[in-house]
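Report on one structure; see the data block that follows.
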Amino acid sequence: MRFDKTEISLALVAIACVLFGFVSPGWLIFLLTIALAKALVVQGVVMQMRSGLVSFGQGLFYCIGGYTVGMGGQFFGIHDAIAALALGMAVAIVVAMILGLLLTRYRDIFFAMLSLAFSMILFGILVKSQGLGSTDGFNVHNWTVFGWAPETGADSQQTVFTMTVLAGLLIAVLIHRYTKAGIGVICEAVRENEVRVEYLGLSPRWLLYGNYVAAASVSALGGGLTALATGHVDPEMAYWTTSGEFIFIALLGGLGHVAAPFIAAIVFSVVRTYSIEFVPNTWQMILGFTLLGVIVFLPKGLWSLVSREKSGERT
Amino acid sequence: MTSLLAVLIDGSIYASWLFLVAAGLTVIYGVMRILNMAHGSFYAIGAYSAASLVGWYFNNGIGPAWISYLLLVGAALVAGLIVGVIVERGLLRLMYGRDEILMVIITYALLLILEDTMKIVWGVSPYFAYQPYTELGRTAFGLLKVSNYDLALVGVSAVLGLGLWAWLERTNQGKVLRAVIHDREIAVAMGVNVRLMFTITFVLGTTLGALAGALTAPAISVVPGIGIEVIVLAFAVVVIGGLGSIGGAAVGALLVGLSRAAAVHYAPEFELFVIYGVMSLVLAFRPEGLFGRTMARKI
């Protein structure tokens with residue numbers, strides 16, 4: 001297998017991150033873990049944005065991933081974190097394969113609204129489920145990795161961080177290859193002009209279907225890792241404002257590069273941490289103005305600041 | 001029998017409330033093709049303005065109770081007008097012509113901004129203006145006692161709906177507006193001042209939203225976040241009925257209202273589920289909603 005420049009740099013950054021995790025303070029590790037896990041969910045949003053679909057309901061899979069990890073440990077005796085994460089992805093894939101049949105018939109705002117409705121359905125079910133803690137959710141703990149159980153809080157934090165970085169690396173490389181491969185390129189063509197893709201003899205609907213299912217599994221992984229990191233899941237994960245946050249991060253980063261969502265998620269988390277501390281009642285306002293600013297001045301996201309695209313070139 | 005009656009009464013009250021909330025949203029989409037995520041915030045602004053004004057009125061014991069109803073409506077009209085003009089002239093005007101989906105995200109940004117603006121203006125503690133609600137008393141339907149205020153809401157909602165319909169279908173301005181809905185470019189070519197029509201529509205929509213909030217305020221405690229809860233319900237209603245159709249919004253509101261009331265009485269654990277369940281079911285069979293028009297694909 002040959003690796004290109006992007007993949008090698010991603011791997012180097014990941015190794016640096018893991019090493020950094022051993023020396024940096026706990027709060028920073030926690031912040032980075034959440035940011036990277038959320039970035040994985042955002043990768044799912046970005047995958048769909050590439051094909052022209054904006055999902056206002058990616059929280060659905062974020063929540064499925066988180067709840068499956070939690071329920072696996074709580075009710076089904078699956079204490080191995082990696083098995084639980086895989087199970088979360090599997091559940092998300094099954095759900096996405098069913099919902100995708102319906103959703104791929106829609107575009108634009110209809111796709112956005114229907115995906116929102118599905119995540120709200122899950123929210124509605126979870127809120128009314130007494131066994132799952134209703135609106136409070138429940139705690140996720142007592143998990144192991146390959147039979148090894150982290151003993152202290154710091155230990156488990158460290159472990160989740162390392163797992164998140166490695167999962168992020170794996171997904172980033174896969175998505176990088178996916179976007180460069182034929183199917184990824186055609187997804188962008190669907191965004192530009194769906195009818196012409198049909199003229200080429202391809203079925204946009206099945207492309208979008210596959211893309212949707214893949215995006216769902218990536219987002220579920222992010223949800224599962226968040227559940228492990230915070231040690232808690234609640235129905236809020238499926239609420240539509242959570243999905244709005246993912247769209248925000250996706251637009252902030254832009255679609256230019258596989259690393260963009262990671263960077264955007266870290267920027268987002270850092271800014272949020274400090275805003276909530278210093279200006280708790282204007283945090284959303286800052287978000288709103290930033291979003292407008294990004295749409296008007298940086299339509300390709302933060303990544304366009306660092307990419308060296310020739311000016312005047314359109315993609 | 002009683003529970004069936006209760007479902008019907010609760011359902012129609014809830015439906016008329018939903019219609020009030022959804023009407024402005026569907027009018028704005030119909031004319032401007034903007035799915036306004038900030039509509040819930042207009043609702044909340046209306047609720048806050050009304051609650052603070054009416055609360056102030058009663059706390060000072062200035063005059064008779066019936067004036068509070070005028071204040072309720074007046075607060076909503078003023079708030080809706082001011083916010084509508086500011087938002088349309090100050091933000092949306094600069095954004096026209098972008099993708100429908102991008103407009104959704106822009107109004108989402110607007111929602112975030114308005115949510116915090118409200119926190120700054122009104123603080124985070126709840127506001128109450130229950131007097132107009134309790135003042136009207138209750139009516140007994142067999143074993144059920146229903147608040148007269150809620151029943152009045154059904155009437156207000158019906159009058160507003162009919163008024164909107166009459167304005168669109170029976171007046172000259174309505175005719176011009178329908179021309180804009182049908183084909184914006186041709187309307188411009190025929191000399192219609194589309195920009196003005198956009199401003200009128202948007203302000204009308206925000207005022208309707210604010211009015212819905214103001215009329216709801218006496219029945220609830222006005223707290224931060226009420227707009228966020230409301231907007232997804234309004235979405236469900238207008239999407240079921242077909243975006244941009246007023247009749248559709250009415251039918252959508254009835255459908256959601258009655259099914260939610262039935263769920264509350266017979267299977268409370270499905271209360272929230274049923275709303276989005278109905279929406280998904282309708283969309284599965286009629287993607288453009290019950291009253292939406294099918295659009296041809298453009299190449």
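Cβ coordinates are placed from backbone N, Cα and C, and glycine is handled just like the others.
Pulled from TrEMBL:
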type: TRANSMEM; residues: B:12-35; note: transmembrane segment
type: TRANSMEM; residues: B:65-87; note: transmembrane segment
type: TRANSMEM; residues: B:108-129; note: transmembrane segment
type: TRANSMEM; residues: B:149-168; note: transmembrane segment
type: TRANSMEM; residues: B:196-220; note: transmembrane segment
type: TRANSMEM; residues: B:226-258; note: transmembrane segment
type: TRANSMEM; residues: B:270-287; note: transmembrane segment
Best-contacting stretch, by C-beta pairs under 8 Å, relative to the transmembrane segment (B:196-220) and drawn from B:12-35, B:65-87, B:108-129, B:149-168: B:65-87
Spatial neighbours of the transmembrane segment (B:12-35) far in sequence, C-beta under 8 Å, 6+ residues away: 42-43, 92, 100, 103-104, 107, 146, 150-151, 153-154, 156-158, 160-161, 164, 177, 180-181, 197-198, 201-202, 204-209, 211-212, 215-216, 230, 233-235, 237-238, 241, 243-246, 248-250, 252-254, 256-258, 260-261
Sequence-remote partners of the transmembrane segment (B:270-287) [C-beta within less than 8 Å, at least six residues beyond its ends]: 233, 236, 239-240, 255-256, 259-260, 262-264
For the transmembrane segment (B:226-258), sequence-distant contacts whose Cβ falls under 8 Å of one of its Cβ atoms, 6 or more beyond its ends: 7-8, 11-19, 21-23, 25-27, 29-31, 35, 37, 39-45, 47, 111, 114-115, 161, 164-165, 168, 181, 213, 220, 275-276, 278-279, 282-283, 288-293
Residues of the parent chain within Cβ reach of the transmembrane segment (B:108-129), under 8 Å, 6 or more residues beyond its termini: 37-38, 40-42, 44-45, 48, 50-52, 54-55, 58, 68, 72, 83, 87, 91, 217-218, 221-225, 227-228, 231
